[in-house]
Each structure stands twice: as structure tokens, then as C-alpha cells.
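For reference, the structure discussed in these notes is given below.
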Amino acid sequence: MEKRRFLGVCLLVAVLVLRAAVLGRGDDGGGGGRLLDPGKLEMFVDELPDMPRMRGYGVAEGGKLVAGNLTIGMYETMWKFHRDLPATRVFAYGTSKETATVPGPTIEAMQGVPTYVTWTNHLPPRHFLPWDPTLTAAAPGSGVPAVVHLHGGVQHSGSDGHSLAWFTAGFAATGPRFSSPAAYEYPNQQPPGNLWYHDHAMGLTRVNILAGLLGAYRVASPAEEAALNLPSGEAFDRNLVLFDRDFLADGSLFMNRTGNNPSVHPQWQPEYFGAVVVANGKAWPYLRVRRRRYRLRILNASNARFFRLSLSGGLRFVHVASDSVYLARPVPTRAFLLAPSEIADVVVDFVESGNATAIVLRSDAPAPYPGDPGDKAETVPVMKFVIDDDDDALSTEPDTSSVPARLTSPSQYAKPDAREAVLMRRIAMYEYTKEGTDEPTHLYLNARSYMDPVTETPREGTSELWDVINLTDDNHPLHVHLALFVALEQRSLRDVDDLKECMMARGSGGGGADACGLERHLAGGRKHVVPKQERGWKNVFKVRPGTVTRLLVRFRPLSPPDSRRFPFDVAAGPGYVYHCHILDHEDNEMMRPMKIVR
């Protein structure tokens, strides 16, 4: 039934293509010209930038912290990704066109002190990258639609960056869920940790983020962090924002103009992968360091690429937080997997490098991930750390930092307890293909499109168990807005194709799993161990292909543990969403609305 409905919609393609003339399919900067051979770019010639920092709070007389008010715009500007690459046209966040950067400025907020941000759209009438008019997408009469989501933020849905709350330059056009041009309010009443902000416009998220609309956001608690004594200060506590891009020889960003299934989707492809790895806006940069501890807050801001990160010389990462929440105890690893939109907060001690003068951060994850059995991924450099204790330009401040044996107290945050769940939901992940080919046409959650009526209505103050059934060949990083969750277990299905055939024949969502014998398909299936650094509270979790992942999802504040109400009305406004954070999937229906009730 779902396939028939989709094919019926595809009959409208000829009509929908007319929408391309409105927003524009992108000019020559988005797809014409000769693709750059990345081998012609010398690695490690650009220094890793520290993005501009903006204080998300004010300081009143007497040193009292008060709410901060920021105005951050979206601009079309030029950005140098590499010394030998011509400047690239991008969309970027900043306080002006001249100061806008890719990534955007790092917003530094204080726990419990609100940050108000007025987001302004100064983007041009046409997008410079191609987009697909056959997707459910924002398509105004003129201008580039944009809306900002604070990923990991605990905020009212009116400030959450709803995909249909987009707006163009000067608010000339707005989406159906747009309410007012007032500043977004971020209460910052959540644990200290790492967040990021990015575009979230309907059907254009992958394109706008590819163009450069992303940035880091921190929530700090000075008292808590002083007690932890982790590496601190701008020199020793750095954000690393990683993503991949392709370029043309003239420096332009490259995005495909023709899709894998052009008769269905003229431009959309299942995943975007670039051959150039970018860190903080520079291709394969370097960072000069001393032999001491550094804290690295590593965000994977790629559209679809997974990074499996390791350090040359066998250096360790010590994980102190995952996504937006500290772990209970530090977890040492030699390598770890980071999905799109995941954040790993790690400490690296370059004392362990011995006599080495350089350490390379590298990745060996296949693309797409996990790929076919037997695929061997190439190890690619990400950036280089140049160790020089004699460099007078580096801070000589002695290293008094440490990594404590315990990062949070047992009573600080709520403990995961499956017994508190008030109900069980089944969330099934589907990928549909064109008949006669293996090429995807769209991806659904619970066999429903984004525009179908809301089916998930959790109650504030409760927790739920979600069994996420991945019936596809891809690993999908699941993100739930507002909520935090813990992965309790992950089990392989014994016969994915049989279960998928049954469930698709029924045209059902996750609820049809029982009728199709889900437990029988799980019996004897492999149990996957959740990595230690991913056993805490998270807002993104990797759902392996052919598995059922059980999540305990918390629709209430994490701290204090007995909290039941958020500091705002969660039932008001446009509502929240949950989705796959592979942006190409999210833009093609792998996202569902969620309405929280009181």
C-alpha cells in the first residue's frame, strides 16, 4: 500500500519540477566544472582555526550572570578551506558578512542562564547548490528558506527550529509552522555539555548544512568543571567540528546534480560523501601542541559519513562525555566510531606520545557505513597534531589538569531504570527501492511519511521503551528532539528479509512487528555490546542494520533526578520531531513529528 501511494505521488513529478524555477536548482558553483583531485591538495598546511567565541550570557554589576542577547545572521560569503584552493562560496553564520565563518561562532552558554538568539536570514534569492523539488521541501516564491535547530538543547518547540518554521530573508516568506521573528530562547536548564546548532529547513537540511550553516554550542557549569579539573582554557580545550566535502577545481563546493533514481528524484541521492576531510573549516589542518593533556570536543557534522577515529602511535582517547552529558566514569579507548551528529568529548595526553613529534588523527570507517561484508575501508587522515615543547608561541602554563576516577556523583543525574517506562513503542525503519533496481526512492519511519498525522504522543514526566527495528542495510543514527535516552540492548534479527517482507506487506508501522513474529526473529540472534563510552544518556544512537535496539527514552529533565516538568510548556507550539541524522535520509521522509502532551 505504501509503495502504491508513493508511486502515485511520483506522477506529480512533472508538476513539482516547476518548483525548481522558484527556489532555483543552483548555479554553476553547485555542479558544473571539473571535480578537484584531492590528491593535489597538500595535507597539514593550514593551522586548525579556533572559531570565534560568543558569550551567551551577560555579567551584571557585582559579577552576577544574567541572560545574554545575541543576533546571529546567515550570510552568503567566501571561505578558504585550504591554502592552495581558491576561496569557496558558502552560507555561514556570524554577526556580519565579513565575520561569518564555517563553522559558525562557538556559543558559550552558562547552565541555568538563558541565552536569547535572534537568527536573521540574509541569504540570496537563489541557492548556489542544487536541490530536489520532488522532495517534501520548503519552496517559497523567492529566497533561501532556513531555520535553526539547537541540537541537544532543552527548549520550547517554538525555539526548537521546527522544519516547517522556516523563513527567508527579511521574513518575506515563512513556513506553515512559523510563529514570529522573536528571538529564540534557550533556557540552558540542562546538564553542562556539548551541543551544536544547524539548519533544519524542510527538505533542505542536507543542502544548507553542506553550504556551511552549522556551529558549536557549549553549556558550562564553572563550579562543576572546576571540581572535575579537566583541561581548560582556550588553548587546551578545543572544539573539533569534522565534515567531508567535494570541491571543483575552481574551489566551488560540489554537490551532485543528478540523483541515483533521476526518473523519481532528479537530484536526491541516498548519501553524500566528499573526498576531502575538513576540521574547523580547514582541509586536513594541523594543531601545534605541547606534551600535556588536551580536551577535544569532537563533533561529526557530516551529511552521511561515519568516522572511526584513532591516533597514530597508539595514543589513547579518554572519553569524559558523550553527546551532551558527562559519563559516570571516564572510558579509555584506542579507537571509536562517531556517527553523523554524534559528539565525543575526550582527553588526549600527548605525554604518552614518547619522542614522537607528530600524531595524526585518522579514520578508517567505510562509506556508506557499515558497507558490504568484506569491504575494507581505506585509512584517511583527518588532521595532525604537531608536538613542540620549544615553541615560544604556545602557552607554557603548567599542566595541573587531571581526569578524575568519577565524573558525576550517583545522585547527580537520573539512573536508567526500564521499570519506570509507562509503555513500549515499536519504531520500524524502512527503505523503499524502485522496482527492478536496488536504488532507494525514500525512507520511512513506521511506514509513514513526515506529513502523515502524528502517532507518537509521549506524556511529559514519563519514560518510554522504544524498540527500534532497523529493516535496512544502513546504520541509522537516531536523534530524538528534546529527549535523552539510554541504549539498553541491541540484538540482531535472524531473518531480516522475511520480517521486512511480512511487515511491508501489511503496510504497517512498528506495531505490525508482533503479528509478523518479531520475537521469533530475535530468538538466537546475536547480542551486540553497547560500547562503554555510549552507555550514558545520549541524544543520538547508532541503530545497526538488521537489529532491534531497545532505548529507554526520558521525556522529563535529567536533573534533579525526580524532576517531572520542563521549565516551559512542552505541549504548546509546533511540536518536536525524531529522525535519522543522515541528512540525506532525513530530507527524504526519514523523520516523524512528535507531540508531547501534559
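Glycine too: its Cβ is placed from the backbone N, Cα and C atoms.
Site annotation (Swiss-Prot, ligand Cu cation 3) includes H481, H579; from H122, H127, H198, H200, the additional listed residue is H200. Swiss-Prot names C580, H585, M590 for binding Cu cation 4. Of H319, H442, H476, H479, the residue it gives for the same site is H476. Comparing local CB density within 10 A for the glycosylation sites N69, N470, the maximum falls on N470. Rounded to a whole number, the C-alpha distance linking H198 (Cu cation 2 binding site) with N300 (N-linked glycosylation site) is 12 angstrom. Among the binding-site residues H476, H579, C580, H581, M590, the ones whose Cα sits within 10 Å of the Cα of N470 (N-linked glycosylation site) are H476. Closest by Cα distance to H481 (Cu cation 3 binding site), from the recorded positions N69, H151, N256, C580, H585, is H151. Cβ atoms within 8 Å of the centroid of the Cβ atoms of H200, H481, H579 (the Cu cation 3 site) belong to the same-chain residues H149, H151, D160, G161, S163, H479, Y576, V577, Y578, E586, M591, site residues excluded. Within the same chain, the residues at least 6 positions away from H200 (Cu cation 3 binding site) whose Cβ sits under 8 Å from its Cβ are V147, V148, H149, G161, H162, S163, listed in sequence order. Taking every protein chain shown into account, N256, N300 are the glycosylation sites, and of these the Cβ with the most other Cβ atoms within 10 Å belongs to N300. Other residues of the chain with a Cβ within 8 Å of the Cβ centroid of H151, H198, H581, the Cu cation 2 site, are H149, W196, H200, L214, A301, P340, S341, H479.
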